[in-house]
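Database features, via Swiss-Prot:
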DOMAIN    4-147  domain 'Clp R'
REGION    7-72  region 'Repeat 1'
REGION    83-147  region 'Repeat 2'
REGION    172-419  region 'I'
BINDING   217-224, 554-561  ATP binding site
DOMAIN    426-461  domain 'UVR'
Amino acid sequence: MFQFHLTSKAKKVIELYAQEEAKRLNHDMVTPEHILLGLLYESEALATRVLMRLKIDLDRLKLELESAMVKSSTTKVFGTLPTAPRVQKLISRSAEEARALSHNYIGTEHLLLGLLREESGTAYNVLTSMGLELTILRQEILKMLGVAGSNISSMEQTSQEDNVKKVKTPTLDQFARDLTKMARDKALDRVIGRENEVMRVVQILSRRKKNNPILLGEPGVGKTAIVEGLAEKIVAADVPDILLKKRVLTLDLSSVVAGTKYRGEFEERIKNIVLEIKKASNIIIFIDELHTLIGAGGAEGALDAANMLKPALSRGEIQCIGATTINEYKKYIEKDGALVRRFQPINVEEPSIEDTIEILNGIKGKYEEHHKVKYTDEAINAAAVLSKRYIFERHLPDKAIDLIDEAGSRARLLNMTRPQEFKDLEKKIEELNQQKKRVVESQNFEDAAKIRDEITSLQEELSKKEEKCREEREKIETFIEEDDIRHVISEITNIPIKRLLNSESKRLIGMEEELHQKVVGQKEAISSISKAIRRSRAGLKTSKRPLGSFIFLGPTGVGKTALAKVLSEFMFGDSDALIRIDMSEFMEKFAVSRLIGAPPGYVGYEEGGGLTEKVRRKPYSLILFDEIEKAHPDVTNILLQVLEEGQLTDNFGRKVDFSNTIIIITSNLGARDIVKGSSLGFNAVGSEKDANDIKNFALEELKQNFNPEFLNRIDDIIVFHTLSKEDLKDIINIMLKELNEAIKERNIVINLSEEAKNYIIDKGFDKKYGARSLRRAIQKEIEDYVSTEILFGNIEDGDTINVDRNDGSLIFSYDKSVKTENKELSKS
């Protein structure tokens, strides 16, 4: 139609879209205004992309342009409309712009420049009213085209594009996904941040040689998202001209290998992929988990995928983006120097909490749409902060995204609970179906018809109620709050929910009182531990160190291990959170390696360390090193970095975090002297000076047996004293409570008088063995007798047993459940 050489998109705008717009508005000829409307229809045109980059609202531009153009009331015109003289002038101006840019074609960008050079008319007025200036537009077009004077338009190809057919890529279509197409179709999640990494990828891809980037980072930090971000930038034309027409395809290597039964099939597939990339010349291939190239498809006498791709990569015939973890890169790729030099590494670090919050805010819309919920700002912040604090061995933003995803899923499932009314109706319909089946078998068709009608009525009723319920649910807006995120973390990590709630501070304030209910005596020990724990939970501890580290000194049976068990249940809500390591198992030097795992080549290497594996699985726990003086001295050397840095490297090279553990070390050093310093097995009243002397002696004993660098890293050294008589009575009450709990099923209750308790103490307590001797005394004096009487039938279910003292023995009386019958039996 025109003597000028137009690109395919420019032809389509003038000859198709502009014609359609003129006919739609009942105009009798095509004007520059119709051409501008046509440009807006061609979403992939460079002109449209320039307007979008300049923040021009295309919908508003279209509305203002249409409102400025008067729609004719005449009859619609059919056939091809003539063009106004202004269109000829527009194309002449566009040709001048093309010549100024040393282009041998007229593209949509030149048409847009020509419209702004008109300096009159509706199209010009609307464009300028939107803030568009000729100079700014020309500069932006030059930026997108790259260097001025280029003879190749990256967005709208020259006559070569018009004449050459699109290269077919059947193998790639089968084994790869087009990320640029997915970005164009809005099928990818938004990529927030990572501007530096994306620009580094663009820089490497724009190199002349060795233009293959490889993304290195821990799992979940967003390596694949960077490639998706590149695809989005290509679609938005926010890349240099050399990349504007590129397609980013992600290759599924497992699919390439799958189904290759015979020798040569895999090699043929790889060869076809390379040939198709060469022919297309606009494809960037992305291979996730690049280390799988090493050895992929390799057999005896055959090449693997990596060796087949090396020549093409070195000559720059194909461009490849790789992604893998740092460990896999070292293990597989670094060993192949020829492959390493063909890729340029880009380190992808874990984003900060602030960046993660920004990422979550950017992508939450997709999850809100999927789960039909709304995420509050508090929930988004909690997902980033709490996932960083409580979920280990995974990385942001992946673990935070998983949290909001699962919280949305959980809320949706809670709201979708099927009402009991529906279940009852379905059950009734099922029963009627069974009844109808029996009636039909008996050939009573009249009753069967009645049952059928009843079933139909019930099904209609159920359908209406379900529809009503669905409509009501859609009206309800479900909000994901901070507590929902905490519940999900509790389910993932097995940390009790109360541990995650803010009410924990109230529990910590009353910590001593709660511990005293289960641990008798040892006020100094409980007070010291409570203060240390409060310091750490208030944020006053060094971030990397454990929550607290203590050495418990004292004779056996005074409550060292008992306090550790109670403390683990108080802090972590679970008695199983106690990791108890008996140091008598580590008396030999070679046994020390069992804590962190056997070295390579030794038995048990794959099993990991006895300490490190347990802490990896339960990072919130209390670690009890029982009777450390029995262990080999090298054990204390291993504990040095745990106490100071809060981490330990296991035999696999993994760093295990101890910053959320409490470490308690027990020892019996100086126990004999502590016992000797007590009066008659009980602490003497007013013996504070003696207690201090005993403590100082025990500490001196500790210094003689352990290195200063070990003791210097401990938060507090606590000396447990022997128990007073009142303490022993409290312990008997606790043991009696446990005994009554054991026989609770038979409704039997045992009561002890004060005299009976004194008898147990006099008979059973030995200051050398502590409170454990009381347990043996209760077993011998009470449990043995009661068990015998139960077997003889003298004590029945529901009886109450009262135990008292009579001179040198205990007497037992029974309160029967039906009638009271007293028996007094002497036990010598």
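Even glycines carry a Cβ here, placed using N, Cα and C.
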### Query
Which residue counts does DSSP yield for the domain 'Clp R' (4-147) in the helix, strand and coil classes, in that order?
91 helix, 4 strand, 49 coil
### Task
Report, as a single number, how many Cβ atoms besides its own are within 10 Å of the Cβ of G554 (ATP binding site).
26
### Query
When the domain 'UVR' (426-461) is classified with DSSP, how many of its residues are helical, how many are strand and how many are coil?
33 helix, 0 strand, 3 coil
### Summary
So P219 (ATP binding site), by the Cβ count within 10 Å over all chains shown, scores 14
### Query
What is the total of other Cβ atoms whose distance to the Cβ of K223 (ATP binding site) is within 10 Å?
24
### Query
For the binding-site residues listed here (G217, V221, T556, V558, K560), which one has the lowest count of neighbouring CB atoms within 10 Å of its own CB?
T556
### Summary
For the domain 'UVR' (426-461), the averaged pLDDT of the predicted model is 83
